[in-house]
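One structure is given below, encoded as structure tokens.
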Amino acid sequence: MVLGFGRYLRLREDIDKYEGGLDPFSRGHKNFGFRQSVTGITYKEWAPGAKSATLIGDFNN
């Protein structure tokens, strides 16, 4: 239990440092994923350290 709590504290520190706190971090669903706007549909993914990403579907040419 102590090891798990230590990991939680480190994760929480990173969230506070890089995401501006737990509250803004918890609203990620409003920014990531498929979003429809007046000009079209966009897709935004959080993938730190990713070397590549591919989105496949019937819409690809």
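Every residue gets a Cβ built from N, Cα and C, even glycine.
In TrEMBL, annotation is done automatically, which means it is predicted and not curated.
Quantities reported herein were computed from a predicted structural model and do not represent experimental measurements.
Within the same chain, no residue sitting at least 6 positions outside the domain 'Glycoside hydrolase family 13 N-terminal' (32-61) brings its C-beta atom closer than 8 Å to a C-beta of that stretch. Taken from TrEMBL, the feature domain 'Glycoside hydrolase family 13 N-terminal' covers 32-61.
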Average pLDDT across the domain 'Glycoside hydrolase family 13 N-terminal' (32-61), rounded to a whole number: 86
Helix, strand and coil counts within the domain 'Glycoside hydrolase family 13 N-terminal' (32-61) (DSSP): 0 helix, 10 strand, 20 coil
